[in-house]
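*Asks:* Handing you a structure now.
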Amino acid sequence: MKFNLVLASTSPFRQQLLQKLMLPFTCVNPDIDETPIKDETALALVKRLAEQKALAGANLIDETSVPQIIIGSDQVALINGQIIGKPYTVDNAIAQLSSASGQSITFYTGLAVFNNANQQMISCVEPFTVHFKHLSTAQIRYYVDAEQPLYCAGSFKCEGLGIALFNRLEGDDPNSLIGLPLIKLIDLLSQHGVDILSQAPECSIN
């Protein structure tokens, strides 16, 4: 199967993860409203936003004679029943990590794969739980100053120094924490007829 693969994200972290599959791909920036709907659950939110990003990405690319397969992804974290997102500021990051100290946080990553040739959307939500150590204020401040995780849900980068914050990780795919669960992605691509191992050499790039 020949296809063009598109990542509907400009996140360097998601790009680095997708590169592990050794498939050429292009990136587009889906500009969508990410405001939660009233009473929307974390699972419903990330699934909806992942699908909207994939559809928005499809609208940003030129039509071609080969199928375009667009990947959308979104992530939120849930602690004590409350959705938390990206901190954006140092103070917010410190507050998030202070709340997480000694607690368990579940991350929900919505993943959507859209084939514009047949208009088929396949999506799922992948959970992953991190169990935090009891952290002192000094440790939290040191970490935030060192790694500046201001654009990461939950205020940490597990691929870096953030790994020192945890007692235990619990889930099927640690890539979920970085924003793109590769095991599930491979499964969704296969449902679109894309076999990563046997068909990767046949794919093309815009």
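Every residue, even glycine, has its Cβ placed from backbone N, Cα and C.
Annotations per Swiss-Prot:
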ACT_SITE  ASP74  active site, proton acceptor
SITE      PHE13  site 'Important for substrate specificity'
SITE      GLN75  site 'Important for substrate specificity'
SITE      GLU159  site 'Important for substrate specificity'
*Asks:* Tell me, how many other CB atoms lie within 10 A of the CB of PHE13 (site 'Important for substrate specificity'), whichever protein chain they belong to?
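*Replies:* Neighbour count, Cβ to Cβ under the 10 Å cut-off: 17.
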*Asks:* Would you mind checking how many other C-beta atoms are within 10 angstroms of the C-beta on ASP74 (active site, proton acceptor)?
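*Replies:* The Cβ of ASP74 (active site, proton acceptor) has 26 Cβ neighbours within 10 Å.
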*Asks:* At the Cα level, what's the spacing in Å between PHE13 (site 'Important for substrate specificity') and the residue listed as 'active site, proton acceptor', rounded?
*Replies:* 12
*Asks:* If you count other Cβ atoms within 10 Å of each one's Cβ, which of the recorded sites GLN75, GLU159 has the most?
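*Replies:* Its Cβ has the most other Cβ atoms within 10 Å: GLN75.
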*Asks:* In whole Å, note down how far the CA of ASP74 (active site, proton acceptor) lies from the CA of GLU159 (site 'Important for substrate specificity').
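*Replies:* That separation, Cα to Cα, works out to 18 Å.
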*Asks:* Going by DSSP, is ASP74 (active site, proton acceptor) sitting in a helix, a strand, or coil?
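*Replies:* SS state of ASP74 (active site, proton acceptor) = strand.
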